[in-house]
Structure formats: C-alpha cells, structure tokens
Amino acid sequence: MAETTSDKLSSAFMAEFLRNAGGTAIIDGGLATELERHGADLNDPLWSATCLLTSPHLIHKVHMDYLEAGADIIITASYQATIQGFESKGLSRDESESLLRKSVEIACSARDNYCDRCNTSIPDETPDGKIFRKRQILVAASVGSYGAYLADGSEYSGNYGDSITLEALKEFHRRRVKVLAESGADLIAFETIPNKLEAKAYAELLEEENISVPAWFAFNSKDGIHVVSGDSYSECVSIAESCRNIVAVGINCTPPRFIHGLISSIKKVSTKPIVIYPNSGESYDADLKEWVQNTGVSDDDFVSYVNKWCEVGASLVGGCCRTTPDTIRAIYRTLSKREENHSL
C-alpha cells in the first residue's frame, strides 16, 4: 500500500517529538496507586475513572507529580472510563461523553500549569527533586480494553467468550474513541490490549471513522512470547504495523523481565517506534481484585533495565501499574546520564 500524506504526517509527528526529546521520551507511571495514596477510594467498577466524578483535583495532582518527575507524556484517567460504564451509574450519554472530555481537559490543564512553573523555576531541578525543564509535553488519551470495562480482570486474560465478535468490539469502542479523538489530546493510547481481535477492532475503527489523531498500541504479556490471551505477539504487532494512524507499538502492564525479548519480537515485524511501560512486576489477583504484594521489583531494579531496553530499540519508556513518580524520576535521571555519555 502506498504511503499517503496522512501516513507521512503521523510518522513525522512522532519522529519530530522523539527528536525534540533527545531520542527517547519518558511516559508517566501508574495512576490508580497514586490516586489511592492521595486518599481516593477506587473500590468501584470505574476504578481510577471514578475520580472524574468524585475528585478530579487528585487526578490533576498526580499528573503534576509525574510532570515534576520528568515525564514527557502524561496519560489521561480514561482507561476505565467508558460511556457504557458511566451510563450504568445512571449518567446520561451527554454526561458520559463530557466526562471523557474532562479526562483530557484535566491533563491539559496540568500541562499548562506545569509549563507556567517551568517559566519561573530556576534551576531545572529543585533541591527536593522536582524537575522544571521546558520541553514538549504530550497528552495521551487512554483507551482501555473491553476487559477493563468488565472490571473482572479479563484484560489480563483476553478471554471475552464467543459472543464478543469483531463487530461487537468496534461498536463498544466506537463513540468513545471518536469523543477522545476530538477532545484535544495529542494522541490516543490503546492500552493493555489482550488479544488480536481487539487490536483488529481498534485498527478497523480508526480507518472507518477516519481518525486523524496519532495513536499507539500497547499489548500485555504474561510469558514474553504471547499476549495474555495466548495469541501470537508478533501477529498482534503486525496489525499495528499495517495501521497508518499507529505511530508507536509496544508493551504495557507486563513484568519487566519479559520486555527485552518482546522488543526483539517487535523489531522483527515493525519499523515503528517502540513504546515500553511495564508494571512493577507484581501479580494481579483478579478474584481478590488486588495486586499481590512483594512479587515485584524495586525501583532500582526496574530502572536498571531501562538502558538495556533503549539499547535494543525502545524509544518511549515509562511505567504502568504500581510504578510511581519516584520510578519515573529515576528513569529521567538514568536517561539524562545516558544522553550525557553519548554526547561525550
């Protein structure tokens, strides 16, 4: 298929952003853990998206924390925000769509506030470790999987049952994706994609609705070879490779120990920039609906992987569940040292 002008613009968008970031950009870390740390009660099927209703100021606070830790990309609190989920709470369609837009507005407001601080803060890093460095910052509108809406842990299995077809998935996501694409976000982050069917649904949806906003696909894996449903990881990446809107492809919410091999798998079938934001390595118990303590890696161990991931091809790096601003700050410092060493 010949490359269109739109294709060139999409690929140029990410290439220019990475060039401005020095070759590697930093994504933020876990949202829900931080919201809970600030006092939010997320014991709700809407999970982190419940804060769009109850405490949007906490979402703003967490975005600011990650920007001050050095993140170049902040991801909105819309992972579990769906029109269907909000309607099940008694909200109208208009109210539900307004909350989707609100998730982007909060992130954009945090970015504006942060940039204002950068204009008045000297030096770039304050004594308490806060980073105020002028740079291009992107807001990524999060789209969680159908399994995330179910709130039963099935985004960690990808097993939706025979009744969930390609067309059913497209219809489930269609309006939500359109609203987020028109919300002012810089890109759309399709996250924790657990199976090939949902990746195909997203790709077809982007084409059918003529979505012009760039996007990335991030899959999750439990074994470093397959996505969590058991589908071939390489086949899933191939879907992203053939989609003109997709400007990066990679992995999120996956234990750090699997990332190196998965990057190698991506490079065999894709030429797109590689996005990596693993979880802390802890295990999620879908029955208890909680993370199993003491099964992950420390921030130091997590960050020790980062240079290796970048050396083998990752160009967007951050954290997912159970990672914190401290994790992201450590990544920032690690990558800053890497840039210094390369410039010597």
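Glycine residues also receive a Cβ, built from the backbone N, Cα and C atoms like all the rest.
Marked as domain 'Hcy-binding' by TrEMBL: 13-335. Look at TrEMBL and you will find Cys253, Cys320, Cys321 tagged as Zn(2+) binding site.
Neighbour counts were taken as the number of other C-beta atoms within 10 angstroms of each residue's C-beta; across the binding-site residues Cys253, Cys320, Cys321, the minimum falls on Cys321. Sitting within 8 Å of the Cβ centre of Cys253, Cys320, Cys321, and not among those site residues for Zn(2+), are the Cβ atoms of Gly30, Thr192, Asn220, Asn252, Thr254, Tyr277, Pro278, Asn279, Ser280, Gly319, Arg322, Thr323. Confidence over the domain 'Hcy-binding' (13-335), given as mean pLDDT on the 0 to 100 scale, stands at 92.
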